[in-house]
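Working notes for the structure below.
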Amino acid sequence: MAGPGAWKRLKSLLRKDDTPLFLNDTSAFDFSDEVSDEGLSRFNKLRVVVADDDSEAPERPVNGAHPALQADDDSLLDQDLPLTNSQLSLKMDPCDNCSKRRELLKQRKVKTRLTIAAVLYLLFMIGELVGGYMANSLAIMTDALHMLTDLSAIILTLLALWLSSKSPTRRFTFGFHRLEVLSAMISVMLVYVLMGFLLYEAVQRTIHMNYEINGDVMLITAAVGVAVNVIMGFLLNQSGHHHSHAHSHSLPSNSPSMVSSGHNHGQDSLAVRAAFVHALGDLVQSVGVLIAAYIIRFKPEYKIADPICTYIFSLLVAFTTFRIIWDTVVIILEGVPSHLNVDYIKESLMKIEDVYSVEDLNIWSLTSGKSTAIVHMQLIPGSSSKWEEVQSKAKHLLLNTFGMYKCTIQLQSYRQEVIRTCANCHSSST
C-alpha cells in the first residue's frame, strides 16, 4: 500500500502540466497546505482567466468572463462592459440627496425671480400712491391697491419657501407651514379695509362731483404703470423654457387626480406662473387707468370716469382675493385639496397587490401645495409577510404619483368583523 509520499509525488506531477488551471465547475478546489506557493503562482482568487499571454486563454468565455480580458484584477473595473437589456430596463428613482439638491436649485431660481418682482412691485406701488395723491385720482390708488394684493401674494410665496427649510420643533411638530395661511388672512383683511375706504370716497365723488383731477399727472402715472407691468410680464414669463417630457405611466393621463400633466417644465414654478397671471391682470387694469386718464386729460368734463374705474377695479380686487380666502378656509378646516380626488386615490390603493380593503383615508393640507395623507389598509389573508412590499408601493403611489408631502400608512392583516350587539341598544330597541 502506497504511503503518503506517493500521493504527494503524484500530485506534484499533475501540477507540472502546462494546462492552465481555470475556475470552472469541473475544477477541484484543493487548497491544502501540501501545495507550495510556487505551485499556485499562476492562480489568483480574483482572476477569472489566469494566463500571461493570450495563447493560454480559452476561445470561449469561462465563468462569464470575456476571453480578451487582461490578466489583471483591476481590468475588470477599468473596462466598460455593455449593459444587457435587463440592466437597461431598470430605472432607479433619484436618491434623497439628488432630489434635495434639485429642489434647492429650483427654489433658489424661484426666489430670485420673485424677489426682483416684489421689489419692483413695492417701488411702483409707492410711486402710484404718490402719483394718485398728487393727481387726486382714486383710480390710480385703486390700481395701487390691486398691486398690493399681488405684492402680498409674492411675499407669502417667499415666506412659504423660507419656512419650508425650517425644521419642526417639539412644540410645532408639523413645522411652521401654517404661518403662511395666517399671513394670507392678515393681508387680505388689510386689502379689504383699504378697498372699503376707496369705495366710500368713490361714492362720495359720484354723488357730489366736487373734485378736480390733474390729468397730466394721472396720464404720466398710468403710462408708467403700463410699462412696469409689461416689464413684470417679461420677467415672470416662463414660456421660453425648454420642455423636458418625462411622462409617468403609473396612472392614465385622464386621471382626475393627477397633480401635473406629466411635463417637467425645467424650472417652471406654480408660484412664478401665478405671479405672471397677476401681472397680466395688472396690465389690463393699468391699460384701463390709462384710457381713463387720457379721457380726463383731454375731456375734463368726463371726470366721472375716475370713480367708475374705482368700482370696476374694486370688483377685480375682490374677485382675485376670493380664491385666497377660499383656499385659506379649506386649509384651516383640513379639507381635501381641490386637485386631489379621494375616491380615485382609494381605487388606486385598492389596485395594489395583496390589499384587501382601504379602511380609512384622510387627506388634508398643511399649507398651500403641501398635502398630507393617513391611510389604513387591510391585507388579504395569508399575505402578512408581504407588508413591506405593500407599504413601499402605497408610499410610492401617494408621494410620487399624487404628489403628497407626507404620508402615514397603517397595515394590518385581514380580520373578519365580529358583529357585536350593544346591551343598551338592544334593551332600547325592545
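Cβ coordinates come from backbone N, Cα and C, glycine included.
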Based on what Swiss-Prot says, identify which of Ser36, Ser55, Ser75, Ser385 is the phosphoserine one.
Ser36
Do Gly215 and Lys370 sit on the same side of the membrane in Swiss-Prot?
no
Under a Cβ pair cut-off of under 8 Å, which of the recorded stretches 114-134, 144-164, 179-199, 276-296 contacts the transmembrane segment (217-237) most often?
276-296
For the transmembrane segment (179-199) and the transmembrane segment (114-134), does the number of C-beta pairs under 8 Å, pairs 6 or more apart in sequence, reach 3 or more?
no
Given the Zn(2+) site residues His146, Asp150, His278, Asp282, which other residues of that chain have a Cβ within 8 Å of the mean position of their Cβ atoms, reported in sequence order?
Tyr121, Met147, Thr149, Ala279, Gly281, Gln285, Thr320
Compile a sequence-ordered list of residues in the same chain as Asp282 (Zn(2+) binding site), six or more apart from it, whose Cβ lies below 8 A from its Cβ; state 'none' when nothing qualifies.
Asp143, His146, Met147, Asp150, Gly225, Asn229, Met232
